[in-house]
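Pulled from TrEMBL, these are the features on record:
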type: REGION; residues: 1-29; note: region 'Disordered'
type: COMPBIAS; residues: 1-13; note: compositional bias 'Low complexity'
type: COMPBIAS; residues: 20-29; note: compositional bias 'Low complexity'
type: DOMAIN; residues: 37-486; note: domain 'Major facilitator superfamily (MFS) profile'
type: TRANSMEM; residues: 38-58; note: transmembrane segment
type: TRANSMEM; residues: 73-91; note: transmembrane segment
type: TRANSMEM; residues: 103-122; note: transmembrane segment
type: TRANSMEM; residues: 160-185; note: transmembrane segment
type: TRANSMEM; residues: 191-211; note: transmembrane segment
type: TRANSMEM; residues: 223-241; note: transmembrane segment
type: TRANSMEM; residues: 291-315; note: transmembrane segment
type: TRANSMEM; residues: 335-354; note: transmembrane segment
type: TRANSMEM; residues: 361-378; note: transmembrane segment
type: TRANSMEM; residues: 390-411; note: transmembrane segment
type: TRANSMEM; residues: 432-450; note: transmembrane segment
type: TRANSMEM; residues: 462-483; note: transmembrane segment
Amino acid sequence: MTGAPAARRTGAPAAGGAGAPAAPGAGAPAGRPTGPTLLALAVAGMVVSVQQTLVLPLLPQLMVRFDAPITDVTWVFTASLLAGAVATPLLTRFGDMYGKKRMILLALALLLAGSVVCAVSGTLPVLIAGRALQGVSAAMIPLAIGMIRDTFPAERVTTAIGIVSATMGVGGSAGMIVTGLIAARTGSHHPVFWIAAALAAAGLVLVAATARDVGVRAGGRPDLPGAALLAGWLVCLLLGISQGNAWGWTSGGVLALFGAAAALCAVWVAVELRVRAPLVRLGLLVGPRSLSANVVSALLGFSMFAAFTLIAGFVQARPEEVGYGLGGSVLDVGLYMLPSTVTMLLFSAMAGRLAARLGPAYTLAIGSAFAGLCYAWLAVSNSHVYDMLAFSAIQGIGFGIAYAALGTLAVRHVPMDQSGIASGINSLVRTTGGSVAGAVTASILAGRAAGAGVPSLGAYELCFWVVSAGAALAALIAVAHALRHPG
């Protein structure tokens with residue numbers, strides 16, 4: 001038989017056949033309560049999001065502990081995002097093939113293992129390796145979105161996706177608070193990761209006990225060469241960006257890295273176009289209804305993760321020494337992000353109703369506009385406590401609305417048996433944007449030092465403007481998508 005293998009499922013057939021787009025919730029078992037599953041997925045999503053940011057308040061301390069520059073220490077954050085970018089399309093593909101619950105459990109198990117490695121680490125390379133292992137768990141969020149689309153009734157899908165999507169920001173803020181509370185008492189990074197290991201174990205048990213797989217199963221085999229090539233060109237790209245200031249942007253090493261990234265990317269595209277079951281279906285990446293959502297996802301990933309890397313250093317900077325900052329502690333970093341946690345929870349729940357009235361694309365544009373506004377605020381005014389609190393509250397509104405809408409937009413027009421990989425591709429580009437954010441902001445800060453390697457105020461303000469512009473561009477692209485595809 002030619003063509004893709006017939007899809008199979010564990011429940012009732014998907015509406016319209018395996019290859020046709022189906023309404024969200026078409027695979028939902030009648031009468032089965034979805035509350036416990038949603039709770040389990042939300043808790044697991046929170047745990048995964050916590051690991052992405054819990055190291056950020058520690059970056060200044062890690063620079064001292066390991067006697068390393070910011071461009072090296074930032075890899076503690078970037079390695080996690082990079083691993084997530086590579087693992088997400090692979091695990092979501094496996095989820096479509098073998099079951100999303102299995103892959104969610106695998107992602108949480110790797111998070112547990114990576115947390116233990118970080119907890120016992122004594123050198124920077126070991127810590128980075130553990131963080132990379134933790135980063136694989138980023139695939140859990142798109143897997144959860146795919147599971148919701150498979151199993152929830154249609155009228156609950158948008159709200160449920162919004163709640164799970166919101167855990168990315170809520171968990172990110174919570175990670176900073178947890179780190180601050182622990183570091184304020186111990187001054188060490190080890191207890192932080194033991195806590196992360198315990199949270200991962202709890203999420204693992206909760207998902208195992210409550211979640212069920214009833215979705216469409218796709219055939220095929222995993223595209224391991226595609227995964228290796230994707231990892232190769234992303235590593236080369238991010239290394240080139242992060243080392244640009246240290247080695248020189250026109251140095252042989254940096255140019256070689258960029259050249260290798262371009263060559264590997266070209267080979268990767270060629271491989272993905274030829275293989276029967278590609279890691280990344282380029283039609284889902286750059287198709288007419290997918291491209292806008294994926295570009296916006298990359299820009300919002302850049303904006304959100306750039307904030308996480310910037311705020312920790314800015315809040316802890318002492319104005320009497322460097323002329324800017326709020327002189328806060330590691331705990332203060334998390335507390336300043338608390339308004340974001342609250343507003344994100346509130347507005348992500350409202351986003352479903354807003355999307356039902358305006359459509360997900362216009363809703364996404366509104367959220368992106370709020371995100372751009374909060375960074376513009378910090379670029380203009382950043383010397384008072386209320387500046388940081390206002391930034392945090394507006395940021396939560398923006399990302400709470402945007403990510404809820406983005407999760408829906410990414411999967412609404414794809415066949416049921418591709419919902420996992422479609423969500424995974426959207427997560428891939430978001431995580432890639434976040435990975436680039438860490439390298440770009442570290443490069444800007446390192447290249448505009450005020451003395452003794454300390455970034456200048458102008459460097460931070462330039463970063464805020466760059467991030468604001470990215471979010472504003474995301475809003476414009478979302479509006480353009482809504483005008484082109486009003487349905």
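Note that Cβ sites are derived from N, Cα and C of the backbone, with glycine treated the same way.
Note: TrEMBL annotation is automatic and uncurated.
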Which sequence-distant residues neighbour the transmembrane segment (191-211)? Criterion: at least 6 residues beyond either end, Cβ under 8 Å.
36-37, 39-41, 43-44, 47-48, 50-51, 54-55, 58, 101, 104-105, 108-109, 111-112, 115-116, 118-119, 130, 134, 137, 147, 178-179, 182-183
Quick test of the contact rule: Cβ under 8 Å, at least six residues beyond the ends. What residues does that give for the transmembrane segment (160-185)?
34, 38, 41-42, 45-58, 61, 141, 144-145, 148-149, 152, 191-192, 195, 304, 308, 312, 329-335, 337-338, 340-341, 344-345, 348-349, 351-352, 355, 395-396, 399-400, 403-408
Quickly jot the same-chain residues contacting the transmembrane segment (361-378) by Cβ under 8 Å, restricted to those at least six beyond its ends, or write none.
292-293, 296, 299-300, 303-304, 307, 351, 354-355, 387-388, 390-392, 394-395, 397-406, 409, 461, 464-465, 467-472, 474-476, 478-479, 481-482, 485
Under an 8 Å Cβ to Cβ limit, what residues of the same chain, 6 or more beyond the ends of the transmembrane segment (73-91), are close to it?
51-52, 55-56, 59, 62-63, 66, 103, 106-107, 124, 127-129, 131-139, 142-143, 222-223, 227, 230-231, 234-235, 238, 242, 279-280, 305, 308-309, 421, 424-425, 427-428, 431-432, 434-435, 438-439, 442
Going through 38-58, 103-122, 223-241, 291-315, 335-354 one by one, which has the most CB pairs that fall under 8 Å from the transmembrane segment (462-483)?
291-315
Looking only at residues six or more beyond either end of the transmembrane segment (291-315), which have a C-beta under 8 A from one in the stretch?
52-53, 56-57, 59-60, 74, 77, 81, 168-169, 172, 176, 285, 324-326, 328, 332-333, 336-337, 361, 364, 368, 371-372, 375, 382, 388, 395, 399, 402-403, 406, 409-410, 425-427, 429-438, 440-442, 445, 455, 460, 463-464, 466-468, 470-471, 473-474, 477-478, 480-481, 484
Averaged over the domain 'Major facilitator superfamily (MFS) profile' (37-486), what pLDDT does the prediction give?
86
